[in-house]
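Per TrEMBL, the features are as follows:
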- 1-20: signal peptide (SIGNAL)
- 35-58: transmembrane segment (TRANSMEM)
- 70-91: transmembrane segment (TRANSMEM)
- 167-185: transmembrane segment (TRANSMEM)
- 206-229: transmembrane segment (TRANSMEM)
- 235-256: transmembrane segment (TRANSMEM)
- 277-298: transmembrane segment (TRANSMEM)
- 318-338: transmembrane segment (TRANSMEM)
- 350-372: transmembrane segment (TRANSMEM)
- 418-444: region 'Disordered' (REGION)
- 425-444: compositional bias 'Polar residues' (COMPBIAS)
């Protein structure tokens with residue numbers, strides 16, 4: 001049985017970030033900054049409540065007679081209780097013989113084209129511990145992108161406005177960034193386990209390192225770009241955020257409407273149609289929050305029974321990163337044009353170049369992960385380099401087709417002009433011949 005390290009890491013980040021948010025909000029209150037205090041508390045308590053809701057939903061506490069656990073969840077102490085319960089199960093496993101075990105069948109990664117199927121006995125304790133790991137993974141994703149990401153953006157924006165980086169604020173921003181990167185890492189691992197559920201997946205340390213570097217560069221540069229743009233164009237940044245959020249929020253519903261699939265009914269037996277709709281809306285809300293800051297490894301597909309797309313769509317990923325890079329470049333260009341006197345002591349071209357290089361470094365580590373470190377790369381029908389080459393060939397073909405269309409249009413426009421000129425010259429020649437003929441006949 002594996003040590004529940006992910007549960008402990010999730011709890012430490014959750015508790016430390018919540019405590020830092022409360023301390024920082026108290027500092028804002030003492031300084032008289034009521035707006036910053038309210039926003040800091042909002043971004044701290046809203047994801048905290050959603051984390052409690054997700055833990056209760058996954059463990060199905062409503063249908064079980066556990067009033068004390070529900071009370072602790074209402075007091076926002078659910079993660080602490082769940083962590084204690086997980087470690088209690090881990091340290092007491094094997095002391096009492098379990099009445100029955102379940103047998104699971106998993107395939108190993110293919111070797112020389114062959115894949116062996118292995119059977120494994122899973123006891124009740126290990127099954128409960130697996131449920132705790134899954135619940136904390138989902139809670140970490142919710143905490144990261146519905147709490148830590150807006151919190152990091154807010155605190156960095158305050159630092160730019162006040163032209164000061166305090167010790168408490170810097171510690172809080174570091175904790176928020178670690179929480180976001182960890183949530184993105186858990187999202188990647190969760191997506192891999194859902195897509196390749198039939199296989200025994202083992203993630204190596206090199207894969208964790210690549211994901212960590214990939215997400216760190218991608219998220220840090222994205223947050224910095226949004227803050228810089230918002231510091232000079234405060235109204236327009238709300239439009240950018242709103243368009244991004246609504247676009248990603250409605251995108252799964254548009255795909256679901258186009259697929260003409262029946263409404264999902266097998267999410268939870270005890271949920272009504274209204275409850276299922278609320279759960280799906282919250283899922284797409286989380287999906288939009290993730291894609292606001294980074295690429296979501298788990299692509300929501302409402303027509304699938306697991307609500308997650310199990311196909312590896314390289315084209316969608318390529319389009320996302322191309323569009324996001326262009327958007328970041330455009331926002332940095334707007335910041336460079338409209339920057340205020342505060343940025344006179346900052347080398348603006350160098351800062352723009354560093355941010356663009358930082359985002360490209362995130363893309364580079366993403367390519368390294370999918371090409372060399374992905375635990376299921378042997379199951380890919382095509383590598384990411386081949387997919388990128390095919391995408392670039394498709395874009396090149398589209399550009400060439402567009403150029404040929406423009407050239408054809410220009411030729412079609414010039415052709416009547418040339419015919420008119422030819423007709424005019426022929427008329428001139430005919431008139432000259434007539435005049436010569438008349439002169440010859442008169443002389444005769």
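Glycine is no exception: its Cβ is also placed from the backbone N, Cα and C atoms.
Outside the signal peptide (1-20), and at least 6 residues removed from its termini, the chain residues within Cβ reach (under 8 Å) are 44, 48, 51, 79-80, 82-83, 86-87, 90, 93, 125-126, 129, 132-133, 136-137, 139-140, 143, 147-148, 151, 168, 171-172, 175-176, 178-179, 182, 186. Same-chain residues lying 6+ beyond the ends of the transmembrane segment (318-338) with a Cβ under 8 Å from its Cβ atoms: 221-222, 225-226, 228-229, 231-233, 236, 240, 291, 295, 348-349, 352, 355-356, 359-360, 363, 366, 387-388, 391.
Beyond the ends of the transmembrane segment (167-185), by six or more residues, the same chain brings 9-10, 13-14, 16-17, 20-21, 23-24, 27, 140-145, 147-149, 151-152, 155-156, 158-159, 208, 211-212, 215-216, 219-220, 290, 293-294, 297 to within a C-beta distance below 8 angstroms of the stretch. Beyond the transmembrane segment (70-91), the same-chain residues lying 6 or more positions past its ends with a Cβ under 8 Å from any Cβ of the stretch are 1, 3-4, 7-8, 10-11, 14-15, 48-49, 51-52, 55-56, 59, 61-62, 125, 128-129, 132-133, 135-136, 139.
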